[in-house]
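Quick notes on the structure that follows.
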Number of protein chains: 4
Amino acid sequence: MIRVGILGATGAVGQTFVRLLDGHPTFEVVALGASERSAGKPYREACNWTQDQPMPDWASGEIVTACAPEAMDVDLVFSGLDAGVAGEIEKAFAGAGVAVVSNARNHRMDADVPLLIPEINPDHLALVERQTWPEGGMIVTNPNCSTVGLVMALAPLHEAFGVEAVHVVTLQALSGAGYPGVPSLDILGNVVPYIGGEEAKMASEPLKILGGLSASGVEPAEMTISAQCTRVPVIDGHTECVSVRLAGAPSAAEVEQVLREWRSPLAGRGLHTAPEAAIQIVDGTGPQPRRHASAGNGMTVSIGQIQDCPVLGVKFVVLSHNTVRGAAGGALLNAELMVERGLVRQRP
Amino acid sequence: MIRVGILGATGAVGQTFVRLLDGHPTFEVVALGASERSAGKPYREACNWTQDQPMPDWASGEIVTACAPEAMDVDLVFSGLDAGVAGEIEKAFAGAGVAVVSNARNHRMDADVPLLIPEINPDHLALVERQTWPEGGMIVTNPNCSTVGLVMALAPLHEAFGVEAVHVVTLQALSGAGYPGVPSLDILGNVVPYIGGEEAKMASEPLKILGGLSASGVEPAEMTISAQCTRVPVIDGHTECVSVRLAGAPSAAEVEQVLREWRSPLAGRGLHTAPEAAIQIVDGTGPQPRRHASAGNGMTVSIGQIQDCPVLGVKFVVLSHNTVRGAAGGALLNAELMVERGLVRQRP
Amino acid sequence: MIRVGILGATGAVGQTFVRLLDGHPTFEVVALGASERSAGKPYREACNWTQDQPMPDWASGEIVTACAPEAMDVDLVFSGLDAGVAGEIEKAFAGAGVAVVSNARNHRMDADVPLLIPEINPDHLALVERQTWPEGGMIVTNPNCSTVGLVMALAPLHEAFGVEAVHVVTLQALSGAGYPGVPSLDILGNVVPYIGGEEAKMASEPLKILGGLSASGVEPAEMTISAQCTRVPVIDGHTECVSVRLAGAPSAAEVEQVLREWRSPLAGRGLHTAPEAAIQIVDGTGPQPRRHASAGNGMTVSIGQIQDCPVLGVKFVVLSHNTVRGAAGGALLNAELMVERGLVRQRP
Amino acid sequence: MIRVGILGATGAVGQTFVRLLDGHPTFEVVALGASERSAGKPYREACNWTQDQPMPDWASGEIVTACAPEAMDVDLVFSGLDAGVAGEIEKAFAGAGVAVVSNARNHRMDADVPLLIPEINPDHLALVERQTWPEGGMIVTNPNCSTVGLVMALAPLHEAFGVEAVHVVTLQALSGAGYPGVPSLDILGNVVPYIGGEEAKMASEPLKILGGLSASGVEPAEMTISAQCTRVPVIDGHTECVSVRLAGAPSAAEVEQVLREWRSPLAGRGLHTAPEAAIQIVDGTGPQPRRHASAGNGMTVSIGQIQDCPVLGVKFVVLSHNTVRGAAGGALLNAELMVERGLVRQRP
């Protein structure tokens, strides 16, 4: 078993890590780290548990520690820290020889840090060799919650045709804003067409993920992305209305065939968190957050409404679970890939 | 006073007509028409009143009639009928010399029927001269609820620059589906990315409204529109995320200036239902349904989030009240324009 | 394996039966019955599936049959039929020697029909001996969805102290109204303080369930119940604010102790659907539908906010999952108890 | 015109004061007070305006002041301050000879402070004569938002029969928790059966309001009240399910008649904020927040579902608008009564 810690364990992403790591075959949670205010308290007292399933017993009585390498005897940490503090703390852990698997945005665009979706760009994991931390230390990140679904849909199309331009409008769930997050008075029976910083992340992160790895690092993919991001009164599940201009101008039917036939390179490799199908095509009035976000335990991305678009070529709707595939689950899958590749050192 | 009837008076749009006509200076409601099942009952019994304001006293005791010209002694009817029956009933009224102001979709695309937004294409009202109904008979329509907001925003840009292509994603309110409409189990905490027939209406109706009037009728505007329509858990107010490609590629700042400076041709003409500002630009995190749909008593269209779009040129968010500006209020303003133009005959 | 059919399989309760019976160790679903309109179609086409989990593969292609004994070769049927048709159809099945486990209200108050909650009144199952159907035929019912949670909380108190009077206000979930059920325009951001027939069921059903079995049948418990029922915008989970007058006027602390110490008579008997804990006490701001309805896979009833009540004595809040514990799951547990008792005949 | 200031003008209650005072015939707002952080800024910048109607122009540019008597040249202040600071600030204003009309809870139960509902206990205003502030100084309070609706319903019954015991379960709106208030993740599709301190206020405040005025102050009414308070996903409007034991045990029909025939003592006296009907009886499935909270511009209390209660005698459902009747509107009506009584001094 690999000994893991969770940074920011009392927050929304941290709680999802706790839930998803319950009963994990490879990772044993031995440390729950949070702010100074929480350190020293049992997790059940430090944490306003907001997951729909009960807190695991092993977590309940665990004493929360500080988020510092000297406070945690671990091989790997999952970071659900806020961006305000994640940058320095994650470097401290990497500097102490710990593998850092982060959901924070701070190091995503660093040249030597993989921005990883295991089904899409597993080769980018090689970037960690460029990192200069002491043995065992490294930082690996997963993308923003709204980026993942989009890239999962674009990657097969980019491979088959070449993506030239993307227009995406998101309808994002409340859990993406953390806790306490969006006040109920602002969103019940309402829509807010503004999420600070989100549109910029969606325009840049996919270029790195879909970029090619060369001797000098990642060469960003050449495509143009425009995003309009909105918040809607949904608990979990980001819905994205996407239109794409593809090289060769394939029809919606050709696009659908490519998406249906795409197979994840992880299939059959036994990674615990990898879903049976990384992409599913849904018919009828889907995909919908309440009906489809939990597919594949939240790791399957659903695509539907594939149609010709008279303006850009083809349009469709993508749905992904923002706190699982788009945060803790994605990071967990990253870590499982790192273990498979032999990158995670078990410290004595 | 002009004597008016309401067709489909017990439905969602019909109720909004009743509410908006309460205290109207020009129109006196003398007949409330509904299905055979309702005819003969007092309105308060025939109708499951779902407006937020109480039913006007004058309507409460009014005996509902059938939707037939012989049952109503009126100069003009407002039609909130379902498309399943609206086509024939509206023709019957026009054939009886009654002015029909319809919210139904049946005759919108007829070559000699104006698809009218008084601020945008008042000249199209001339089309009624091509209609061959007996004296006083005519049919005038207003656009689909999701079309109006879009066209209100596009018209100033089309005039200033020329609109070449439009991509729009809608987040539409529940009241747009009528009553009982969307089951709560389908939409609470959810989003449905499919509304039957809606995308086609949004792609075609704006071309007629923004088209030029020639000797042979309306020449559709030359632009390409692609729509993706979703339903969201909002009571009133359609939000639309719009990206446009404009001739000359103006910047977002130039687009904003045009929208801010645009003035309605109805300004100062005293039409009862015309709002002080037909378009308003909102800053910050708007426009939002709960905060802005009721601006100008539901007749003002709100626009915000105006930005450069790397894919199409400029993008922004439009919000309009779907049952007021997008249905009963829009029809009422059409009728007021018709009266101002002297088109409505008062029958003896 | 016992061969079972589902009556009303395409409805909301019927779908929950399908979901809960997926992988059941004792019951094999061999027939899905629905209305004539659906008969002959594959289940996936006949059914507007609204469960949050995907339709099981075995159900998907199953051809729907009529709800008639001659159309189903089964030992037992679960009935999720509407009350409008359930009465006669259930009698037809019982008359054909089939065990009927019904969620419909029609036969609940029949003198020889058990109104059963296996943890509370398992002895009432003896009532089936009074039924005069051919061998194997019998009718067993479970209570109304809002009754179950209340009775689960009252039973330990009735045993320990004696319940004299109960005042209950319900906040009931949308799924309790079936599909399409409550229109979204009626309930989004709203509360409806009226549910037809519900208050009467809550006042009478508990008396039968908590009644004693004598030679002449069930002697209703002597207590007075007053209910006020409201609908709230919640998907699953009925919340009930309960005040009780108990014999001997125990304190809230004594009541809490009784509830904490109560143990289900089913504990350790291996019934598949029986939860580990039939009652759980929750602290803090619970119980809440989104946080606690799924406890014990929806079969655990949660109780919290136990306090002294200056008017009646003690008050508390009960939460139960209305479509699982309050409908399909409750019926399933009834059937498991019937099998354990050897009441279900496997027909040749 | 009386010159008024608003304390806590940027908060939820303060904003409602600003909205309701727009165009008021007697009160001119000359000062908007808020925390030090806001002082010195224009109101539009200091305030996250969350009212559904636009900010009045006169307020928009007004420079926010500190909440101190020396910073405001006013005759009267409306206090929407948080309880954490209201106590001392309100005393400072009264000590400076300003009439304080407060919505805060701090002084409500003070022996010489009226807890006032103008239709119910206007005679309690005489308590201010016991206050010892300098000339013009006084403190008058309105009840908690959940108390008002209950008392409005109880008062006619107390007068007609005598109220002995009350059991009430509330379903309270989000706006009652202020802004940002309840996180959306806690309440969307959920119910929270706990509101800190609310049940105690509901048990005590009505006794003072319904109490008799004697030489030694208010003699609390002799009745027992038990409350269970829940939060529901509703924007405005507290719904309360009430059961009462009345002296003489009248029937529901007798209770309904008393409520229907009750007339407000303010009727016809021209107080600007007094509604035409202080109580209205609604039939059918009401009262409901979205349909009835705005009756009488939010000042009319709606009552429905009046039935016999087998436990306590009679039960019914009350609805009142919590931020209007239950907060700012109630305070405003208090002030209008104070002016009518000649209690408000216009300072030179």
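Using N, Cα and C of the backbone, Cβ positions are placed for all residues, glycine too.
What TrEMBL records for this protein:
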type: DOMAIN; residues: D:3-128; note: domain 'Semialdehyde dehydrogenase NAD-binding'
type: ACT_SITE; residues: D:C145; note: active site, acyl-thioester intermediate
type: ACT_SITE; residues: D:H238; note: active site, proton acceptor
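Residue pair the residue listed as 'active site, acyl-thioester intermediate' / the residue listed as 'active site, proton acceptor' shows a Cα separation of 8 Å. Counting every protein chain shown, 30 other Cβ atoms lie within 10 Å of the Cβ of D:H238 (active site, proton acceptor). Note on the domain 'Semialdehyde dehydrogenase NAD-binding' (D:3-128): mean pLDDT across this stretch is 96. Just so you know, the Cβ of the residue listed as 'active site, acyl-thioester intermediate' picks up 26 other Cβ atoms within 10 Å once every protein chain is counted.
Across the domain 'Semialdehyde dehydrogenase NAD-binding' (D:3-128), DSSP assigns 41 helix, 26 strand, 59 coil.
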